Every structure is written in C-alpha cells, then in structure tokens.
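Enquirer: Right, I'll just put the structure down here and ask away after.
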Amino acid sequence: MDNLTFRHSILLVEGLKVTHQSSCPVFIVLFLAYIFTIVSNITLIFMISTEKNLHDPMHFLFCNLPINDVIGTTVILPRLMQDILREASERYITYMECVIQAYFVHVFTAACHYVLMIMAFDRYVAICNPLRYSAIMTNKMVIKLSASAWGLAVLVVTIMIGLTLRLSHCRSTIENPFCDNASLFKLSCENVAINNAFGVIYSVIVACLSAVSIFITYVKIAVLCIRSKNKALNSKAIKTCSTHLAVYLIMFISGAIFIFLHRFPEYSESRKLGSIMFHIIPPGLNPLVYGLQTKEIRHKIVKVWNRKIGNS
C-alpha cells in the first residue's frame, strides 16, 4: 500500500482494556470528570472576562490556563469515552483525525509549561518589584507574554509533527488510548531516530526550562520575604505563590508519572492510564486551586452563591 493511500486509511486505536461490565461505570466517571472540568474552567474564564475587579495582569495571564485546560480535555475525553463503549476491534480513527488530535495533545502539554512560566514572571514582578509593576505589566506586555507562550508551543509542535508527517507508514495500530507524536511515528518502518531525538530533547529542554525558571523565581521571592519584615508582603507572597506552585506541581507530577511509566513496557496499561490522567487531573484541579485560593475569585463565587440563595 503506498504512502498516499495509507494517509487516507483507517487506523485502529488500542485504547484502554475495559471489560464489558466495567465500560459503563468508566464512561460515567470520565463523563462527569469532563463535564466538571469544562464547566469549572469556562466559569473561571467568564468570571474574569466580566468582572472588572478581576481585570488585572495576573488574572488575564491566568486565563490562558483554563483555555488550555479546555483544549487538553476536549481533544482527548470525548473520543476516549466514545471508544470505551465500542468493542476493542472497532475503535477506528482516520489518519488525519489522528494527526489533528496528536497536534493539539502536544500544544496542550507545551502550553502548560509556557503559561505557568509567564505566570511565575508576573508574580516575581508583583512581589519583588511592586513599585514598577504597573509600568512593566501593561496590557501590551500581557498580550506579548500570552502570544509568546502560545506561539512557541504552536511553532515547536508544528515542527515536531511535520517531521513525523514526512515518514511513510507500514503499520495501522495506535498503541495508545489516543494519538500522539510517538504513536504516529511508530507507524513507520523507516528510521525514526530524528523523531525520537527531537521529541526527547525538546521534552527535556521544556521541562528543565520551566522547572529552573520557576525555581529561580521562587528562590528570589523567598529571599525577599526572609529579608523583609513586612508581614502584609509576606502573607501576599505566600498566598499567591503557593497557588501557582501547587498548580505547577500537579502538572509536573502528573507528567513525570506518565514519562516514568513510559520506560517500562510491562506497565503499558498503567502508562495508558497515566497519560489519560495527565489530561484529567491538572485541568480538573486547577480551577479548584485557583478558585479556592485566590481571594478575588473566591469572594465572587461566594457572592454569586449568596445571591442565588437569597433569590430562592
């Protein structure tokens, strides 16, 4: 079969090994997780967009996170839930659908790191240079930071997927619950050393860059707090930084578990579950962490809740 024909053929997705009896309960759990994630993230976006007291650089930059979380869950869960209700031999996807899914899977993963990095920069300026915060974090700077985060994610993922699209293919099974770059280039019988090298090097660079930049940022903030005897400043730093750090650790640990399990073929089913959890746990927990820890958002939620109770 020539490559041109194969690109328009149907692929079989391995998916999760779910028994017929457990398929409905698993579907319900994933469905509820998806609905919660979408509703909570869209609610945060709506609140920040409509509430004037939330129109500041910190919340505008944070808006990138729920937008990315909506993308990350939507690109995976609807298709996965559909496959769970199907027989393992009937979980088909077209080649182009697989490429599109893989593209947005990696955009989501890359954007997670870049968005958290620009949020860390905002916190650094706000705490370490508060007098110049308004001059530095202008609307133009917020747009530049957001565009840089998304632009870099899109650029690198486009190159990575482009390297995979040049390959011919001799297999038709996706050894994963969803399509990603590794699953796509494993369809080829050609030498995929360049794809492997690019993927590994890029993943290491992004993970190290985000970890080092966030670590340095918080070390500088911690040093400032230790030297400062301003209790109000220290309290503000602890509240805002703990929220951001919690979100980063949730994302980093979820991703690290998936990468760790990827190195052990005997844990293939655990790896598949771990890859799905990366698209469920951070997007589901991020709204809770920010909603409960950020004073302005928490007060708005309480205000709306009290208004509904009063009207009823």
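Positions of Cβ are set from backbone N, Cα and C atoms, glycine also.
A TrEMBL annotation is a machine prediction, not a hand-curated record.
Quick paste from TrEMBL:
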type	residues	note
TRANSMEM	26-48	transmembrane segment
DOMAIN	40-290	domain 'G-protein coupled receptors family 1 profile'
TRANSMEM	100-121	transmembrane segment
TRANSMEM	142-163	transmembrane segment
TRANSMEM	200-224	transmembrane segment
TRANSMEM	245-264	transmembrane segment
TRANSMEM	276-293	transmembrane segment
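Help me understand the surroundings of these features in the structure.
Expert: Per-residue pLDDT, averaged over the domain 'G-protein coupled receptors family 1 profile' (40-290), rounds to 86.
Counting same-chain residues at least six beyond the ends of the transmembrane segment (100-121), those with a Cβ under 8 angstroms from any Cβ of the stretch are 58, 61-62, 64-65, 68, 71-72, 75-76, 79, 93, 145-146, 148-150, 152-154, 156-158, 160-161, 164, 178-181, 183-184, 206-207, 209-210, 213-214, 217-218, 244, 247-248, 251, 255, 278-279, 282.
Residues of the same chain lying 6 or more positions beyond the ends of the transmembrane segment (200-224) and with a Cβ under 8 Å from any Cβ of it are 110, 113-114, 116-117, 120-121, 123-124, 127-128, 156, 160, 237, 241, 245, 248, 252, 255, 259.
Outside the transmembrane segment (276-293), and at least 6 residues removed from its termini, the chain residues within Cβ reach (under 8 Å) are 16, 30, 33, 36-37, 40-41, 43-44, 62, 65-66, 69-70, 72-73, 75-77, 80, 105, 108-109, 112, 177-178, 239, 242-243, 246-247, 250-251, 254-255, 257-258, 301.
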Enquirer: Who are the long-range neighbours of the transmembrane segment (142-163) in its own chain, taking Cβ under 8 Å and residues 6 or more past its ends?
Expert: 57, 60-61, 64, 99, 102-103, 106-107, 110-111, 114-115, 117-118, 121-122, 181, 184-185, 194-195, 198-199, 202
